[in-house]
Amino acid sequence: MEKDDEVKKRDRMKVKLKVENLTKIFEFNGNRVKALDNINLEVYENEFLTVMGPSGCGKTTLLRIIAGLDYPTEGKVLLDGKEVKGPGADRGVVFQQYTLMPWRTVLKNVTFGLELKGIPKNERIEIAKKFIKMVGLEGFEDAYPYQLSGGMQQRVAIARTLANDPEIVLMDEPFAALDAQTRNILQNELLKIWQKEKKTVFFVTHSVDEAVYLSDRVVVLTARPGRIKEIVKIDLERPRDRTSIEFLEYRKKILNILKDEVLKSLK
């Protein structure tokens, strides 16, 4: 039987990140809690993939394992075919909490990773200024984090991550603490940067609207222990209209997939 066009297209795509048979068990006071159960997932090069699910389903745990900040109990993560065994410059992480160094200016926050790599001063300043401009903060190079709004601080965090030129960008609910208007603006800016820089993005969110707006595919996890319940391909052209019938249909579909899992997580 001949493969359909979608499967053929997927076969031609390069797998950037592969999660194989991944299980994570935490131990608390002698009790074992299974957070993730037998996760198998492929993320393609230049793909924008989002993971979502009810609270406590293991979304952030999965991201931390991919980042090398935590370790699986069973299974493994492969990036470009190499097993992840700890943090590395090939993965950039943007967290929900603002993680800028308060004693460093915007420019020096963005150049920090480049300094660790030993890149010459003039070159790292040039690279940093490029990404500061890209996130719309040109003119704020000498500002300190306390002088910036939450949205501006997250822009700096994104610039800092991209300046290090990682193979994959991991984003753990980076816009969750922002007001709706700022969140929408940063979503649009993130998409522009993603399309320009052609990075692979692994994004975690609680927001169905955000997932449909940003993603090529949305991975929905079950209530704990997190398993992949369904992967939804978002077949909408960009820029996307949040009020279109097609957009709302995807939103409804994912909400329906999530409904039972959210109820389970509350029991």
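Every residue gets a Cβ built from N, Cα and C, even glycine.
The following features are taken from Swiss-Prot:
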- 17-248: domain 'ABC transporter' (DOMAIN)
- G53, P54, S55, G56, C57, G58, K59, T60: ATP binding site (BINDING)
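There are 26 other CB atoms within 10 A of the CB of G58 (ATP binding site), with all protein chains counted.
Cβ contacts within 10 Å of G56 (ATP binding site), excluding its own Cβ and spanning all protein chains shown: 16.
Neighbour density for T60 (ATP binding site): within 10 A of its CB lie 18 other CB atoms from the protein chains shown.
Within 8 Å of the centroid defined by the CB atoms of G53, P54, S55, G56, C57, G58, K59, T60, the record's ATP site, lie the Cβ atoms of L221, A223, R224, G226, S265, excluding the listed residues themselves. Around the Cβ of P54 (ATP binding site), the same chain contributes L221, A223, L258, E261, V262, K264, S265, each under 8 angstroms and 6 or more positions distant in sequence.
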